[in-house]
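Trainee: First the structure, then my questions, so here it is.
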Amino acid sequence: MGRRNRNRQRDGGAEGKRSRDAGWGAGYADIVKENKLFEHYYQELKIVPEGEFEQFMEAMREPLPATIRITGYKSHAKEILHTLKEKYFKEIQDLEVDGQKIEAPQALSWYPDELAWHTNMSRKILRKSPLLEKFHQAIPPNLLHILILDMCAAPGSKTAQLIEMLHADMDVPFPEGFVIANDVDNKRCYLLVHQAKRLNSPCIMVVNHDASCMPRLLVEQNGKKDILFYDRVLCDVPCSGDGTMRKNIDVWKKWTTSNSLHLHGLQLRIAVRGVEQLAVGGRMVYSTCSLNPVEDEAVIASLLEKSEGALELVDASADLPGLKYMPGITSWKLMTKEGQWYSDWSEVPTSRHTQIRPTMFPPTDQEKLLSMKLERCMRILPHHQNTGGFFVAVLVKKAPMPWNRRQPKEGDGETPTEGHPCNSNAPENPPEPEAKKDGVCGPPPSKKMKLFGFKEDPFVFLTEDDPVFPPIQAFYDLSPDFPKLNVLTRTHEGKKRHLYMVSKELRNVLLNNSERMKVINTGVKVWSRNNDGEQFGCAFRLAQEGIYTLYPYIRARVINISVEDVKILLTEENPFLSRLGDDAHAQAKKLEMGSIVLRYQPDPNDPSAPQCPIELCGWRGKTSIRAFVPRNERLHYLRMVGVEVFRDKQGKKEGGAAATQEGNTEGQEEPGQEAATEQEGSDTEQNGSAESKTNVRGVLVL
């Protein structure tokens with residue numbers, strides 16, 4: 001590792017600068033955006049309407065424009081949208097960079113509530129103009145009772161959208177649903193955690209499994225164990241990615257038909273496992289960023305054939321008004337990387353049978369093919385709406401899968417039959433997990449588990465009479481309905497450093513599946529231990545990432561603040577209490593030192609102010625007050641209240657005293673004894689941990 005880093009430093013001089021200055025495609029200067037085999041293959045398959053192939057190829061060679069998606073709690077997202085429309089979008093209108101006129105971003109008609117926008121700007125253009133750079137920095141890197149499984153979730157943008165669905169109503173701290181996000185790659189799971197933590201949800205669990213053999217989970221209902229089935233399953237499977245050539249330039253030289261042939265079997269296994277886990281009446285979305293029918297319609301056709309009527313393709317076009325797409329195709333053939341074509345399995349020589357399988361071809365029975373309605377699949381072509389290339393199919397499960405149709409035993413559910421590759425994951429009489437007896441989900445990781453990447457500490461649920469609760473209950477005056485059983489920590493021994501919360505549904509899953517799943521992360525942090533905090537009445541301070549989950553239960557230590565108070569608290573390091581408005585100042589003087597909630601309540605008579613509640617964690621010191629908010633979230637709230645903060649080309653901050661807040665990151669501890677010197681709530685641990693800088697809401701560039 002050390003040698004690799006030194007090489008990077010050695011190459012980072014003038015040559016490295018030239019590479020960086022290449023803009024779009026930096027590092028790929030020698031790659032010619034041309035692949036004759038690719039063109040020949042797709043021309044022959046006729047996936048592009050007649051007369052449009054040149055447009056299709058021209059679009060593939062152009063850089064992918066930036067797309068903006070506004071994320072976070074719905075009311076916060078609306079405030080960010082208002083700021084973008086009223087300020088940043090107007091500022092860049094009619095701007096020209098390198099002779100290119102910058103068009104105002106346009107809302108995607110098919111995305112709900114104008115929360116996704118399309119531009120004609122590549123990332124290179126975004127960074128060329130100071131005004132556009134400022135616009136780019138205004139974009140921080142950032143329902144229902146629905147049980148959702150995201151089978152191949154990393155890096156996590158789709159997972160984030162699923163979480164947002166659950167948290168559409170900010171007044172509901174624990175929506176009655178959850179998202180289980182899985183990825184086979186342990187390292188990518190941590191990237192997934194990084195993305196998911198932006199949403200600060202107690203309803204997300206990240207797990208690390210092979211999606212093609214995803215374990216069946218158990219839940220306890222009415223005193224009995226039942227198989228967990230999901231209302232929604234997302235299968236965004238690994239694919240050849242030839243629809244991403246506009247941003248992943250190395251695909252041009254690496255593309256070959258063999259890529260799809262090698263992936264087809266895995267994709268089909270993942271899809272089969274997905275529908276097995278789907279509840280009857282539920283929906284599964286199968287998607288790829290590939291245009292190859294071997295990875296797309298061939299998988300869907302094979303899945304429908306295996307289902308014997310249990311699955312049906314859904315026409316989802318009504319849910320996506322304004323989206324331009326091509327229907328799924330019903331006829332295709334295969335080509336080897338040497339250029340040999342096969343139209344039917346009967347033509348494939350025996351020597352190719354390990355590489356080419358019968359499921360890669362369309363069904364030969366025309367009546368069966370028509371009944372599948374493959375035209376209901378959706379193909380998104382790059383030149384139709386200036387996008388990448390995608391394939392999407394929506395399936396509804398009408399009955400159990402044929403191999404699951406035996407009469408289940410009481411409390412069993414739909415279980416794989418004998419001989420199924422995942423049979424071991426669903427025992428007919430599931431044993432009582434030993435870990436449940438003491439509220440622990442999973443044993444401490446062994447050295448072997450750590451060696452191979454599974455190094456997570458166990459999840460230990462607190463009991464209602466845990467000694468940690470009385471001082472917390474008294475200090476914050478928690479309401480009687482506070483769900484103590486949903487609180488967990490990550491250690492068996494010693495003092496509890498952080499306290500987390502999960503929804504009751506995820507608690508059920510955790511306690512009943514300790515031997516079945518590898519949990520990487522779950523829950524949202526609500527309290528962190530404060531050094532010497534007992535002298536202020538409570539050893540735990542509030543954590544900003546969990547404040548929207550916790551606030552509905554807090555009945556004490558809340559200060560109502562104005563917009564001007566928000567600006568002061570987020571732009572000044574340790575403002576004196578007297579810097580607050582009269583009302584907030586009077587409230588603060590009545591409180592003892594320690595952790596507090598700073599709450600802004602919107603005023604409908606002041607439309608220029610944010611029209612959504614804002615809750616900030618803070619610290620009431622001896623003579624001062626401090627907002628204890630991570631840097632990125634701090635910048636997000638500042639933009640919501642109209643304070644402009646951005647980086648210049650040298651990485652320095654502009655926009656006032658907010659630039660001084662670099663060190664204020666969440667997940668770190670305060671030196672309680674320093675309160676007398678006006679350092680209440682300051683952080684003492686080293687800044688820059690992955691956890692401390694992932695707590696972001698705002699706008700996300702896809």
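Yeah, the Cβs are placed from backbone N, Cα and C, and that goes for glycine too.
Pasting the relevant annotations from TrEMBL:
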ACT_SITE  C289  active site, nucleophile
BINDING   C152, A153, A154, P155, G156, S157, K158, D183, D210, D236  S-adenosyl-L-methionine binding site
COMPBIAS  684-695  compositional bias 'Polar residues'
DOMAIN    56-398  domain 'SAM-dependent MTase RsmB/NOP-type'
REGION    1-21  region 'Disordered'
REGION    403-442  region 'Disordered'
REGION    650-702  region 'Disordered'
Trainee: Cβ distance under 8 Å to A154 (S-adenosyl-L-methionine binding site), same chain, sequence separation 6 or more: which residues?
Mentor: D183, D185, R188, C189, L191, L192
Trainee: Among C152, A153, A154, P155, G156, S157, K158, D183, D210, D236, listed as contacts of S-adenosyl-L-methionine, what is the widest Cα spread in Å, to the nearest whole number?
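Mentor: Across C152, A153, A154, P155, G156, S157, K158, D183, D210, D236, the two farthest Cα atoms sit 20 Å apart.
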Trainee: How many Å lie between the Cα of K158 (S-adenosyl-L-methionine binding site) and the Cα of the residue listed as 'active site, nucleophile'?
Mentor: 13
Trainee: To the nearest Å, how far is the Cα of C152 (S-adenosyl-L-methionine binding site) from the Cα of C289 (active site, nucleophile)?
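Mentor: Approximately 13 Å lies between the Cα of C152 (S-adenosyl-L-methionine binding site) and that of C289 (active site, nucleophile).
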Trainee: Could you work out which of the recorded positions (C152, C289) has its C-beta surrounded by the smallest number of other C-beta atoms within 10 A?
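Mentor: Selected from the recorded positions C152, C289 on minimum Cβ neighbours within 10 Å: C289.
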Trainee: Distance check, please: Cα of D210 (S-adenosyl-L-methionine binding site) against Cα of C289 (active site, nucleophile), rounded to an integer number of angstrom.
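Mentor: On Cα coordinates alone, these residues lie 20 Å apart.
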Trainee: Near G156 (S-adenosyl-L-methionine binding site), which residues of its chain come within a Cβ-Cβ distance under 8 Å, counting only those 6 or more away in sequence?
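Mentor: Sequence-distant Cβ neighbours: A181, L191, L192, H194, Q195, A196.
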Trainee: Along the domain 'SAM-dependent MTase RsmB/NOP-type' (56-398), what average pLDDT does this model show?
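Mentor: For the domain 'SAM-dependent MTase RsmB/NOP-type' (56-398), the model's average pLDDT rounds to 83.
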